[in-house]
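Chemist: Below are the features I grabbed from Swiss-Prot:
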type: BINDING; residues: Arg109, Asn147, Trp311, Glu351, Lys352, Phe353, His354; note: substrate binding site
type: BINDING; residues: Cys113, Cys156, Cys158, Cys161; note: Zn(2+) binding site
type: ACT_SITE; residues: Glu148; note: active site, proton donor
type: ACT_SITE; residues: Glu303; note: active site, nucleophile
Amino acid sequence: MNVLSSICYGGDYNPEQWPEEIWYEDAKLMQKAGVNLVSLGIFSWSKIEPSDGVFDFEWLDKVIDILYDHGVYINLGTATATTPAWFVKKYPDSLPIDESGVIFSFGSRQHYCPNHPQLITHIKRLVRAIAERYKNHPALKMWHVNNEYACHVSKCFCENCAVAFRKWLKERYKTIDELNERWGTNFWGQRYNHWDEINPPRKAPTFINPSQELDYYRFMNDSILKLFLTEKEILRGVTPDIPVSTNFMGSFKPLNYFQWAQHVDIVTWDSYPDPREGLPIQHAMMNDLMRSLRKGQPFILMEQVTSHVNWRDINVPKPPGVMRLWSYATIARGADGIMFFQWRQSRAGAEKFHGAMVPHFLNENNRIYREVTQLGQELKKLDCLVGSRIKAEVAIIFDWENWWAVELSSKPHNKLRYIPIVEAYYRELYKRNIAVDFVRPSDDLTKYKVVIAPMLYMVKEGEDENLRQFVANGGTLIVSFFSGIVDENDRVHLGGYPGPLRDILGIFVEEFVPYPETKVNKIYSNDGEYDCTTWADIIRLEGAEPLATFKGDWYAGLPAVTRNCYGKGEGIYVGTYPDSNYLGRLLEQVFAKHHINPILEVAENVEVQQRETDEWKYLIIINHNDYEVTLSLPEDKIYQNMIDGKCFRGGELRIQGVDVAVLREHDEAGKV
């Protein structure tokens, strides 16, 4: 479902914070800025339903009509992001409880237990009232369910959750004996005889059973997803043709977004990279991940900031031009919408110093609003991009349940974190402008030539066979250290590490050697010496050949990186955390073998992506440098700059510092 036929542009709008005369001023400013969509009513439950069962829509009717009269459509919030004070007073047991028994209070946001029965009842009534009220309004283009689910309270440990957890476990395991087997409860005498003996993994004297913890991640994810589906069912019934979504948060650990994405009509997400970090590589990685959740379907960036946030220790603004630059970088990786939090900067409340499209003081020379207007007017020229896709020959495996499991306590290296390992491999693709998708281990891999599996600690039943077939059919599988270790219940695969991946990789890992943070070792390969940190595997070859060996410590000379021929393909194992230079060279060698090339050869810190329709190819080029760069385009092509409309023959192209180009590619005859 496309929300609009053009690039969506706008932001969260909270008119309940402002007097009515400001609403008219806002609508005019939106029109001038090129805004065509706003998210409305997200935190308005207490305004829409000021007391139990009493609804007031008059103010919202007026706001929607004003916006529609000025050409602005609505992504209408279901207002369930924060329960009202009257609800909390009436149902104090709806407040969430942490693992130590501390009850969270009203006065912030997201202060509810997802398994409270009255919460669900009241949500159903509210959502149906909103849907019935606005189902026929021509301004309604999309539903915004709740807001940033689990952002502040991702787990509740109350009695409602305990009861629901036991029910969830019964449905999953059927018998208490099966649960005991899966959880390994004979260890430390944790065996259960009855379901009602099981509680959430609350604060305990020492390590919680990791299998129980892992299942509680799954349970809370499912509980919160059930809340979303409760709202979606009502909205789909009342407005079957209006897209339904909720805003994700990129690499947000508590929620399995691959699972969630199957239930939204379009992926939307919120992104707040820190300007102090320079090149926004993790922002790019998350854009690729969000695009991949629904197999390449374009997504909407639902929130970003024009300038600065308010919740870091030091909240620096984006320098001039960077907001525009990063917006185009998001479009380059598959976005069909660029939205902000929020439209008008709040006067009061916890986010009053969070940047906005309209700052506290606005005049015609204000940099923020000027950049907002420039971007909005430019995006009107890019309707041609809506619905276009990105084609990738490389995939990185990203698995939320694996993430949960690998970061549970009592591991060989308890400071090891999943995202930095994934990002280490992604960074080398980003620097080389190689398009990449993210996939699950069970996904169809036939379209890819190379699949990278960073720290695939958990391998579930059937996933190894999927990877085995990929390699046997000619693919290259690159697997990092600490992979193939456990099953879906965090039970070790017996028979030697890396468990079910041993035959693909042709190795046996005898021991782990986790490194202190300050330790640096070296690895040798046929093209030089490289640093390695964090981890070393003691590897015995079972058919594989060494590509690099360790230089130091008692395992000097043993393999660090290996390659194994399997079927028509190969399995490469990286048994340490090598530096960027080595990873880059390794990947370049693999890509050369598969004839995978950069989209364009460009200078450092120049980002290039290609979006395609059945008819056209579009190059989006982002110069993150603060100086001009020159790049070469194929001379047998003709290009049209979609921002200024000019056509030119390929050859030398200059792009100013902190600037972009969006080019449509033609051949000599003017066609693709």
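First residue shown is number 1, and so on along the chain.
Each Cβ is built from the backbone N, Cα and C atoms, and glycine gets one as well.
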Chemist: Across the record's substrate-binding residues Arg109, Asn147, Trp311, Glu351, Lys352, Phe353, His354, the largest CA-CA distance in angstrom?
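Modeler: Spelled out: the longest distance between any two Cα atoms in Arg109, Asn147, Trp311, Glu351, Lys352, Phe353, His354 is 20 Å.
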Chemist: When neighbour density is defined as the number of other C-beta atoms within 10 angstroms of a residue's C-beta, which of the binding-site residues Cys113, Cys158, Cys161 has the lowest density?
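Modeler: It is Cys158 that, of the binding-site residues Cys113, Cys158, Cys161, has the fewest other Cβ atoms within 10 Å.
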Chemist: Ranked by the number of other Cβ atoms within 10 Å of their own Cβ, which of the binding-site residues Trp311, Phe353 ranks first?
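Modeler: Buried the deepest by this measure is Phe353.
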Chemist: Would you list the other residues of this chain near Zn(2+) - those whose C-beta lies within 8 angstroms of the C-beta centroid of Cys113, Cys156, Cys158, Cys161 - in sequence order?
Modeler: Pro96, Ile97, Pro114, Asn115, His116, Phe157, Glu159, Asn160, Ala162
Chemist: I want to check the contact list for Glu351 (substrate binding site): same chain, sequence separation of six or more, C-beta distance under 8 angstroms. What comes out?
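Modeler: Those within reach of Glu351 (substrate binding site), by Cβ under 8 Å and sequence separation of 6 or more, are Asn310, Gln342.
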Chemist: Report the nearest neighbour of Trp311 (substrate binding site) in space among the recorded positions Cys156, Cys158, Glu303, comparing Cα positions.
Modeler: Glu303
Chemist: Could you check which of the recorded positions Cys113, Glu148, Cys156, Cys158, Glu303 is the closest Cα neighbour of His354 (substrate binding site)?
Modeler: Glu303
Chemist: Count the other Cβ atoms sitting within 10 Å of the Cβ of Asn147 (substrate binding site), across every protein chain shown.
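Modeler: A count of 24.
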Chemist: Distance check, please: Cα of the residue listed as 'active site, proton donor' against Cα of Cys113 (Zn(2+) binding site), rounded to an integer number of angstrom.
Modeler: 15
